[in-house]
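The feature domain 'Major facilitator superfamily (MFS) profile' is assigned by TrEMBL to 73-531. Marked as region 'Disordered' by TrEMBL: 544-579. Annotation source TrEMBL lists transmembrane segment at 12-37, 148-168, 180-199, 205-226, 238-258, 264-284, 362-378, 390-407, 419-437, 443-466, 478-496, 502-526.
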Amino acid sequence: HKRLFFSKLFFSLYRFQAFLYFSSVFQAMSCGIHYLASVFMAVTPNFVCGIPGNVSSVLFYNSSESSLEDIWTLWTSTENYIVVQLENGEIWELNQCSRSKREMSLDLAYEYKGNKSVFSCSDGFLYDDTKWKSTVVTQWDLVCDREWLAKLIQPTFMLGVLIGAVIFGDIADRLGRQRVIWFTSAGQFVFGIAVAFTFDYYSFVIVRFLLAMVSSGYLVVAFVYVTEFVGIKARTWASMHVHAFFAVGVMIVALVGFLVRTWWVYQICLSIATLPFVLCCWMLPETPFWLLSEERYEDAQKVINIMARWNKVSTPCKVSELCSVQQDDLVGGRMGDNDTSSTKKHNILDLFCNWHIARRTITVWLIWFTGSLGYYVFSLSSVSLGGNEYLNLFLIGAVELPCYIIACIGMDKLGRRNTLIPFLILSALICVLIMFIPQDFNILIILANMAGKFSIGVAFGLIYLYTAELYPTIVRSLAVGSGSMMCRVGSVVAPFCVYLRSIWIFMPILLVGIMALLSGILTIMLPETLGKPLTNTLVEATEMGRSKKSSSGKTPPAHSGVASEKIEMFGQETVSTEK
């Protein structure tokens, strides 16, 4: 009866669900926008120490110019220095983090063997503004001994992502999805605009941290919101393609970055991109699932009636039909099996209750971590591949769109494990291939990075559903939640991994390749879950991995069927689309 009720409610009604789906995921673009905005906002251009006077001539090797602006096109290495002569006759050598005054030099020459007096950059810095008129680095001189502050911009944002997902996920369960969607979508707009008007570095980081929290909160709750309105058959595709709208946001970052070269104007343009949703999000209703779970039956009936009117259904479903069935199920559950009414509380240690489950948990955590690490390493590194950095980021975002289609098809046709293994190993092989491509072959390097992002994106997309299917009902929320936390740890680590390019240009790719290969090998030991009933106990979950008997078509216990049905309806709440 429950199945018939929700089939009638969600399968036959399309127009209303389509409106809510596309309205909600439209705002997911803003999450992709803010997550990757720093790739252009916090870029460090070429720079040298400032000079204490007016310049009369500039010398760089054998090239002599009248202004520094003409020298930047010749700048090739941070080890270079520029020789300038001031109007008062003084000659200075300008390095990136220091400057030297020549004591006994009358002729302007590049090489000098005489005495020099070394000074700090007390007059600030001179920046190359041919590409970017202004960035947060040039705004607050986040170079040299303050460079570490610039490198903390993206990690602190990702820390906000982690905290926001936890906080707003819990609030959404307590206060409802609708209110959280209202608050977080409005918060993205308000904090996004506020970032552009911050007065110093510390206020900038704090406001960005708050922006990260509401962006992460929206992405988590929007996933739950859309999956509670979409029919069961379309739920996998609909939830997977929330990622696709995130990728569109990354593409918008590339486009706006190309058009706007002043960081605060760039930030404002990105923040107003989704203003239409902020103006109309108040019209979105609460989900009937949450209303029913809170026993607000009249409100749930109102939403169902609205859905019926939108979809021109003359006889809408009655909540009373479901309520009577639920009460019968509760009575039957008490009479049938006292174990199912156990109130035992489970914790993270239950994910390590035996060797088979512990090995499964370690592997799943590693896949979550690797997927997030690879996703952000490929994305954040795209602007450093050579060629047009804006086109690079646009292509890195665009390649995600087909990868989620492939993931959905692979999950349904080949199975979860059989899709995950080859794409993890393929991403590792691509990382090795990138290391052997000569640095002069920019197009080939970009194509290889796109292929790496594609393969890691497929693996990253399907791990959400696969994790939920690998664990029994009693610890499923813990499993998915802990995996999601490992995902966010990967996103915090990724920026630091990218900074290792300064040690060796291939270090980030090497680390991603090693992690992907290790994850792919360990995934071989995971059981396939395609076409298998969801397990309800840790014993059943263990047997699924130890024996092939679980796939022989045995009819699961009655209480497992109820659990499966409940997960189909409500279990998606535990699954986060956090990037």
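Here the Cβ of each residue, glycine as well, is placed from N, Cα and C on the backbone.
Note that TrEMBL annotation is computational and uncurated.
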Paired segments the transmembrane segment (478-496) and the transmembrane segment (12-37) in contact, 3+ CB pairs under 8 A: no
Touch test for the transmembrane segment (148-168) and the transmembrane segment (205-226), at least 3 Cβ pairs under 8 Å: yes
Range from 180-199, 205-226, 264-284, 390-407, 502-526 with most C-beta pairs under 8 A to the transmembrane segment (419-437): 502-526
The transmembrane segment (264-284) versus listed stretches 12-37, 205-226, 390-407, 502-526: most Cβ pairs under 8 Å: 12-37
Whether the transmembrane segment (362-378) meets the transmembrane segment (502-526): three or more C-beta pairs under 8 angstroms: yes
Contact check, the transmembrane segment (12-37) vs the transmembrane segment (238-258), 3+ Cβ pairs under 8 Å, seq sep 6+: yes
